[in-house]
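**Q** Sending over a structure as C-alpha cells; questions will come in a sec.
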Amino acid sequence: MNTLTLEPIARVEGTVNLPGSKSVSNRALLLAALARGTTRLTNLLDSDDIRHMLNALKTLGVSYELSANKTECTVHGLGRAFSSSEPVNLFLGNAGTAMRPLCAALCLSNGEFTLTGEPRMEERPIAHLVDALRQAGAHVHYLKKDGYPPLTIEGKGLWGGEVVIDGSVSSQFLTAFLMAAPLASGDVRIRIRGELVSKPYIDITLHIMKQFGVTVEHDDYQVFYVRGNQTYVSPGTFLVEGDASSASYFLAAGAIKGKVRVTGIGKNSIQGDIRFADVLEKMGAKITWGDDFIEAENVGELQAVDLDMNQIPDAAMTIATAALFANGKTAIRNIYNWRVKETDRLTAMATELRKVGAEVVEGHDFIEITPPAQLKHAAIDTYNDHRIAMCFSLVALSDTKVTINDPGCTSKTFPDYFTKFASVSQR
C-alpha cells in the first residue's frame, strides 16, 4: 500500500484554482447526453467518478470529444432517452453520482441494462429510488441483495403520475428521479416522505435542469411538479463551477494557519457547500467573498461550534478535522447520511480522530470532538474514501506530521489534491 507522510506545515498562503464540481459535472454530462443539440462543457472534473459516467455514456451510444487534459468535453446529444437492441452492461465503480441518475434514466429507455460497481457500491442503498421508479412503471430487478446494486433494468419507459419518494437518507434518489421525470410519458407529481436531507444538492439539480430548458415547480421541497413529454435542449456551452466540497480543505487550512483563496466559485455559487465558509466564520476565521473567489484567513484562535450540518454533509467532514485546532468541544449534528457514503464516514472519522489523540463521541447521527493538548503522529486509514484522505491532511498544520494511507484514493474527485495542498504550504 502507498503511504504519504506530510511533515508539519508552518503556514499556508496562496491561491488554488479548484477542479470542476463532481456533482455538477456528472449531472451536466447526463443531461447533455439526453438533450437535443451539442453541448460544450468546460472546467469538467477529470476524476474516477466522471470517467465512469463518460464510459457509460459511450457504451450507451453517446458520442463526445474529450480534450487532452480531459477538462473540456463536447457532447452530441441524443435528443431522447437511450436505446439499445442488445443487452448492455455498465460498470460504475463507486460513483453514486453515476449509479443513481443512470438507474433512473435507463428506466425511460428501450433495452435491457445491467448496472454493477465495486464491492462498496453493493453496500450503498438504492431502494428508495427503485421504489419510486416502480411506482412510475419501471421494471427493475436486484441481482444480489434487495435494495442494493447490482441491478438489471428492463427499459420500457416511465408513465408519470403521483410518486412518493423517501427523502431521509440521500438527496441523490430525488435528484435521479427529477432528471428522468421530464422524459416520462405523463406529468409527474413527486411527494417527499420524511425530512429531505441535503436540500442544497436538489437546488443544484434544479438549476442545471433549468439550464437545459426544463423548469420544475415545488411546494417548499415537499411536493415537486414536472411536466412529462419534454425534451432537454442544449444550452450550447456549460461552465462547470469549481467544486465547493474540494474548496473546504483549503479554506479550513487558511482559517487554521494562514490565508488561502480558492477560485472557480464565489458568492453566487449554486453549490450549498459554500456555506462551509460561514461555519469557519462562526469559528473565528475572517472570510472574504468575491464573484469568483472565497478567501479564508486566520485572525486568532478558532473556537468550537455546535451546529446542525445536514445541509453541507460533505464539507462538514472538514469541520471534524478543523475541530482539532479549535478551543473547546465541537459538535456536528444531523449527519446520519455520512453512514451511506463512500464508507460509513461517522465511524471512520471517529476512529481516525481518536488515533491523533482527540476525544470523540460518535452518535447515531452526530459526532463530538474535543482536541488533545498535543496531536499525535498517526497513520490514517482512508477506507478508499477521498474525503477522509483530504480531511486528515490538515493535521500537518500542527507541529506533528501525519501519514495518509492510500493517498491515491483522492482520484475519485481530486487526483492532484496533495500537489495543490503542497503548493500553498510553507515549511
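Cβ from N, Cα, C; glycine included.
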**Q** In Swiss-Prot, Lys22, Gly96, Arg124, Gln172, Arg345, Arg387 are given as binding phosphoenolpyruvate, so which of Lys70, Lys145, Lys412 is in that site too?
**A** Lys412
**Q** Using DSSP and three states only, what is Arg387 (phosphoenolpyruvate binding site)?
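**A** Looking at the DSSP assignment, Arg387 (phosphoenolpyruvate binding site) belongs to a helix.
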**Q** Which of these recorded positions is closest to Lys22 (phosphoenolpyruvate binding site) if you go by CA atoms: Ser171, Ser198, Asp314, Asn337?
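**A** Checking each of Ser171, Ser198, Asp314, Asn337 against Lys22 (phosphoenolpyruvate binding site), the shortest Cα distance is to Asp314.
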**Q** Take the C-alpha atoms of Asp314 (active site, proton acceptor) and Gly96 (phosphoenolpyruvate binding site) and report the distance between them in angstrom, rounded.
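**A** Distance between the two Cα atoms comes out at 14 Å.
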**Q** I'd like to confirm something. Which of the binding-site residues, Arg27, Ser171, Asn337, has a Cα closest to the Cα of Lys412 (phosphoenolpyruvate binding site)?
**A** Arg27
